[in-house]
């Protein structure tokens, strides 16, 4: 969970004014980061033709970083450097560092990315690997960490897990000839609620400790935006002899993480949401150092290491090209790599990470807490539970959520409200049957963005056709 220790921000009476929002922007120490991104224009987001960015001075309000982050300006520079390397020196790009390029030689690129990602997730550099995509990485990690026995075979997960997680777990159970109806345990909220309390999760762990082998939860629940207490849940589950994994798709680049200190067994994430690495970008995985050790006590040719699905790129670089078919894994998460990673994908990833390298998750989280609290304050301002046609289903506690607020609309409102928002140049995510997921992102969103969004959102709710 986040290390934010301050209480929930309190806003003055004039917080509903555009002038107040502008004053928050003027005092924002991260304001300059917005200029490191290409903000889509209002005209372009509603256009059906391919358009060049930067032709309009009227940017949209982009609150969809929880689905896909926007493009860093560095991306084009990094991609151009990668293409120039390929065109100018060909295969030598694997082994030669070029002066003037922001990128290392190709065989070191994944390590360059992993070193930066490790700071985002609170890990040692060797505990992180830049590779694959989220679901593929979850499959690799489950193959290594899920070790069912006749008595301990269950996997615990949340009741509304993203389908890829659900499918991955089902397939691993089937791989071991287990019935998901017997071996998959869904942890859900109380009837009529959306938040799953830590106490309820711990009670499920207690209830199934004798028969469960592993628990896999999201760091942040994608639908509700709830941030789980990763540290407490991890420690408790491990005390009951469960292996603990985390899907950090919505936590990476969003909240402070300390995976090493929290003793997490394994984790995986994508990088295209708050990470801004591009659609379908390369993902990352974490394996705690205690699981990534390679023991040579019985000789150089008899390494002992945690079982995993192996590939040549996970072999130690010093022997990778010896072709003797004696696998000696890279110590740490790098030993889970399979194939030569795409240098083009890594260029996009490294470009996005170059922005994070200029700040810290602590600073980003500080602004994020303020942005989301301001959004919540304006949404609830001058309304009551009885009068407002929506409910915020994300926890009110800043330490139990990330950037996102999930706004549940009354039945029948979602399509029209979503259409009105898009017509107004606002990009946010909708989830059936009635949720608008709004995610102000500290790297490129402003408090004025929040003010404008709420003004337009409430105006959309006041449209006559929505009141009938």
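In case you wondered, yes, glycine gets a Cβ from its N, Cα and C as well.
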Q) Among 44, 46, 340, which is the one Swiss-Prot gives for the pyridoxal 5'-phosphate site where 134, 135, 162, 163, 164, 165, 247, 250, 272, 312 also bind? A) 340
Q: Return the residue, from the listed binding-site residues 162, 272, with the maximum count of other C-beta atoms within 10 angstroms of its C-beta.
A: 272
Q.
To the nearest Å, how far is the Cα of residue 340 (pyridoxal 5'-phosphate binding site) from the Cα of residue 273 (N6-(pyridoxal phosphate)lysine)?
A. 24
Q. Taking just the CA atoms, what is the gap between residue 162 (pyridoxal 5'-phosphate binding site) and residue 273 (N6-(pyridoxal phosphate)lysine) in Å?
A. 14
Q. Looking only at 134, 164, 247, 273, 340, which of these recorded positions has the biggest number of Cβ atoms within 10 Å around its Cβ?
A. 247
Q.
Rounded to a whole angstrom, what is the C-alpha distance between residue 164 (pyridoxal 5'-phosphate binding site) and residue 273 (N6-(pyridoxal phosphate)lysine)?
A. 16
Q. Expressed to the nearest Å, what is the distance separating residue 247 (pyridoxal 5'-phosphate binding site) and residue 273 (N6-(pyridoxal phosphate)lysine) at their Cα atoms?
A. 13
**Q.** Where residue 247 (pyridoxal 5'-phosphate binding site) sits in the secondary structure, as DSSP reduces it to three classes
**A.** strand
